[in-house]
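*Asks:* Can you read through this structure? Questions will come right after.
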Amino acid sequence: MVGLSAFAGACLSYHHIGFHHLYAMLAATFLSFGCSALNQFQERDLDGMMQRTKKRPLPSGNLMPKEVLVLSVSLILMGMGFIVLSESLSAILIGIFVIVGYNFLYTPFKRISPFSVMLGSFSGAVPPLLGYTMAGGSPFDVKILLVSATLYLWQTPHFAILADMHADDYIQAGFKTLRHSYGEDKSRLFISVWSAAYFAALMFLPLADIYVYKYTMFAHIAVALPAAFIVLFYSDNPRIRFHTLNLSAMMFFLLLAVDSMIVL
């Protein structure tokens, strides 16, 4: 979804699809892969302690640390290379922010506080802003700031639910979780409040003039309403809530991209 959200951000900035839109999608994708690989290099010893991650290339022994480090740096450089092609200083600074925020702030902070999810969400919320600036838009335009803010509100419960589902694994590896720090009830309350904030923002986004066609606005509401109902009221199953939350965000960016491309 990283590449899709960056592409949608570029479409919101400039409706006529060009190389900058492709560069934005590739930049976000390669940067995401690179940061993820670097994260696995940083946490290779901890990953081996968790059931969810012990089969990753490093803890399983399929790759050597040096190989993963070279791969991660190569992917990050490729991502930054596509950003440089946009000739946007704002986009370059955003790319640097993603790397520093995710790998050098969020990653170590996971062992300090369960609220690290709120810190990591900043890096996860900027792909549409990256795409928007790579296509020539200003990073201070209200429309893209609202879109990125909504993605931030999605990122926090997304990470929190994932940590909650694997809480025992996380604790064994030394990571802090809301469930173990504050109890199950407060953990669920945190997730519910942030999920409600995300869906509230998602419902009001069409009022920010992000869509060209009213039919896309109706489709947006048709996706957001049932998703909000399932996550907030219908299901207590964390996996259902997790996947519904993710699907709602993916559909939003798909609608945003398609709406912009229709005007061609």
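Each Cβ is built from the backbone N, Cα and C atoms, and glycine gets one as well.
TrEMBL labels come from automatic prediction, so no person has curated them.
The following feature annotations were taken from TrEMBL:
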type	residues	note
TRANSMEM	22-42	transmembrane segment
TRANSMEM	63-85	transmembrane segment
TRANSMEM	91-109	transmembrane segment
TRANSMEM	189-207	transmembrane segment
TRANSMEM	213-233	transmembrane segment
TRANSMEM	245-263	transmembrane segment
*Asks:* When you scan the chain for residues with a C-beta under 8 Å from the transmembrane segment (213-233), skipping those not six or more beyond its ends, what do you find?
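*Replies:* Apart from its flanks, the transmembrane segment (213-233) reaches 192, 195-196, 199, 202-203, 205-206, 240-241, 244-245, 247-248, 251-252, 255, 258-259, 262.
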*Asks:* Which bits of the chain, at least 6 residues beyond where the transmembrane segment (91-109) starts or stops, bring a Cβ under 8 A of a Cβ in it?
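*Replies:* Answer is 27, 31, 34-35, 38-39, 42-43, 76, 79-80, 83-84, 116, 119-120, 122-124, 126, 129-130, 133-134, 139.
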*Asks:* Sort out the residues at least 6 away from either end of the transmembrane segment (245-263), same chain, that have Cβ-Cβ distances under 8 Å to it, and list them.
*Replies:* 1, 4-5, 7-8, 11-12, 15, 17, 128, 147, 150-151, 154, 157-158, 161, 195, 198-199, 202, 205, 210-213, 216, 219-220, 223-224, 227-228, 231
